[in-house]
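According to Swiss-Prot, the ATP binding site annotation covers Gly8, Asp9, Val10, Gly11, Gly12, Thr13.
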Amino acid sequence: MTKYALVGDVGGTNARLALCDIASGEISQAKTYSGLDYPSLEAVIRVYLEEHKVEVKDGCIAIACPITGDWVAMTNHTWAFSIAEMKKNLGFSYLEIINDFTAVSMAIPMLKKEHLIQFGGAEPVEGKPIAVYGAGTGLGVAHLVHVDKRWVSLPGEGGHVDFAPNSEEEGIILEILRAEIGHVSAERVLSGPGLVNLYRAIVKADNRLPENLKPKDITERALADSCTDCRRALSLFCVIMGRFGGNLALNLGTFGGVFIAGGIVPRFLEFFKASGFRAAFEDKGRFKEYVHDIPVYLIVHDNPGLLGSGAHLRQTLGHIL
């Protein structure tokens, strides 16, 4: 008889839940719920389990916020809870809450070639560290290393490191954003809101008044080539994505590859392919040759958060991935 575990991927807007076959890692019965419709994560889980009429005693949920102890208060949502209390209330034997990019990183060993698009570099070196980052509502970052037949995710808040400009234009943008918001982290330019910040700064640098645009508006106008400012903002976004990814590669010598997740880049894939992303990734001065062969991949799997939550749980329960 198949034994299932509960897996989840919870963001500021939606909660995605699914079942994971503990033996094979296969994800099934995925369903998305609006977080606004439920008073708590526990309530969503109860509805899901009731709908699917399956006995589950183990679970792993990925959430888009730092996980530093038993109490979890979501960054972009009102939900807050004790992990131990929720485990007890649900009658689970094991329940773990992990950072969303811990989950994405743990999905990487489970991905197939059709789930990846490569942007330059050579083949990944087996056993070497891996980096993963992705722009969405924010900028998530994690690393992954392989130690004693186990994958170990190294989560953190790398999206909040300082934005490091490396051109005159980027320096001007930093000054404009610093005057507006104070500290300028990488996330302030590499995210949905970050794309808006880039657009606004480009326009203001020319002493003009920016329109009140959303990320979707900027992307659409850039792809239609109907707005020079929007096209410049999207081009610069791709370049800064490259610089940031190259920095991650240098930090840990990620010859196992650098992986891009998140919902933004797939929306303008052809534009991204033709952009200055890879040149910026390799623009490391004396260490250009060091990063030259490091491959970069875009993850195009539908649910890497669910896949990675399942992989993390299965490994915790003793399975070798």
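Cβ coordinates come from backbone N, Cα and C, glycine included.
Sequence-ordered, the extra residues of this chain that approach the ATP site, with Cβ no more than 8 Å from the Cβ center of Gly8, Asp9, Val10, Gly11, Gly12, Thr13, are Asn14, Ala15, Arg16, Gly35, Ala62, Ile63, Ala64, His77, Asp100, Gly305.
Within 10 Å of the C-beta atom of Val10 (ATP binding site) sit 26 other C-beta atoms, taking all shown protein chains into account.
Secondary structure at Gly11 (ATP binding site), taken from DSSP and collapsed to helix, strand or coil, is coil. Its Cβ taken as reference, Asp9 (ATP binding site) is surrounded by 25 other Cβ atoms within 10 Å in the chains shown.
In sequence order, Gly35, Ala64, Asn76, Asp100, Gly136, Thr137 make up the list of same-chain residues 6 or more apart from Gly11 (ATP binding site) whose Cβ falls under 8 Å from its Cβ.
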